[in-house]
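Shown next, in structure tokens, is the structure this report addresses.
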Amino acid sequence: MSARVVVLISGAGSNAAALLDAAAEPGYGATVVAVGADRRGAGGLALAQEAGVETFTVPFADYGDRGEWNAALSERLDAYRPDLVVSAGFMRIIGAEVLARHTVVNIHPALLPAFPGAHAVRDALAYGVKVTGATAHFADSGVDTGPVIDQVAVRVEPGDDTASLHERIKSVERRMLVDVVGRLAREGWSVQDRQVSLGGPGIRQSPSTEYVAEENR
Ligand code: GAR
């Protein structure tokens with residue numbers, strides 16, 4: 001059995017592309033069943049279509065308020081019955097009704113809890129840190145506050161600007177994301193007092209779907 005994954009993006013979708021490539025390999029343990037975006041024309045949608053994967057958009061501007069948009073997103077996600085939703089450069093806050101129904105993994109281009117929010121790379125540079133990185137975590141109702149699954153460090157080099165630093169972060173972030181999603185899918189996970197464990201009994205405290213890796217059933 002392969003875990004069903006829906007990937008949410010807002011932009012170029014290089015992380016989504018890495019997941020699509022990985023999921024095409026036998027034994028990866030996860031299948032990308034759809035890629036969704038909050039805007040029409042997000043670059044990653046074309047990549048998904050080329051890979052033969054379904055795409056959908058839930059444009060924020062089409063809805064009256066955040067609640068309506070979240071309800072629409074929740075409905076679209078439900079239709080794909082995902083075991084995991086991966087927010088890979090999805091620049092929207094995912095609301096409680098979605099989080100109550102789906103396990104959402106988010107990636108963030110900083111070592112959380114440092115530099116949460118939409119401008120993590122810029123904020124890290126402005127602070128003058130010498131090391132930053134990327135984090136994969138389960139989404140909760142806060143902004144980049146959920147339990148950490150994995151992190152990788154990246155050195156800030158003299159002369160870095162936001163673009164050069166973000167590119168170096170993205171190259172390690174992609175590998176981390178592929179590794180994390182594959183392991184969650186193959187091994188299952190548990191979360192206890194913010195401590196995320198992969199494998200083991202495969203009992204999940206939260207979020208809400210029933211997926212555990214087959215060998216742990
Ligand atoms: C990634 O670096 C991701 O961590 C970041 O957007 C980039 C998306 O790149 N997400 C955030 O900043 C969320 N706060 P991609 O579209 O090429 O995958």
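Cβ atoms are placed via backbone N, Cα and C, with glycine included.
Pulled from TrEMBL:
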- HIS108: active site, proton donor (ACT_SITE)
- GLY13, SER14, ASN15: N(1)-(5-phospho-beta-D-ribosyl)glycinamide binding site (BINDING)
- ARG66, MET91, ARG92, ILE93, ILE94, ASN106: (6R)-10-formyltetrahydrofolate binding site (BINDING)
- 4-181: domain 'Formyl transferase N-terminal' (DOMAIN)
- 196-217: region 'Disordered' (REGION)
- ASP144: site 'Raises pKa of active site His' (SITE)
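Screening the recorded positions GLY13, ASN15, ARG92, ASN106, HIS108 for a C-beta under 6 A from any atom of ligand 1 leaves GLY13, ASN15, HIS108. For ASN106 ((6R)-10-formyltetrahydrofolate binding site), none of the binding-site residues have C-alpha atoms inside a 10 Å radius of its own C-alpha, out of GLY13, SER14, ASN15. Under the DSSP three-state reduction, ASN106 ((6R)-10-formyltetrahydrofolate binding site) is assigned to strand. In this structure the C-alpha atoms belonging to ARG92 ((6R)-10-formyltetrahydrofolate binding site) and ASN15 (N(1)-(5-phospho-beta-D-ribosyl)glycinamide binding site) are separated by 16 Å. Nearest to ARG66 ((6R)-10-formyltetrahydrofolate binding site) in space, judged by Cα atoms and limited to the recorded positions GLY13, ASN15, ASP144, is ASP144. In this record, (6R)-10-formyltetrahydrofolate is bound by ARG66, MET91, ARG92, ILE93, ILE94, ASN106; the longest C-alpha to C-alpha distance in that set is 19 Å.
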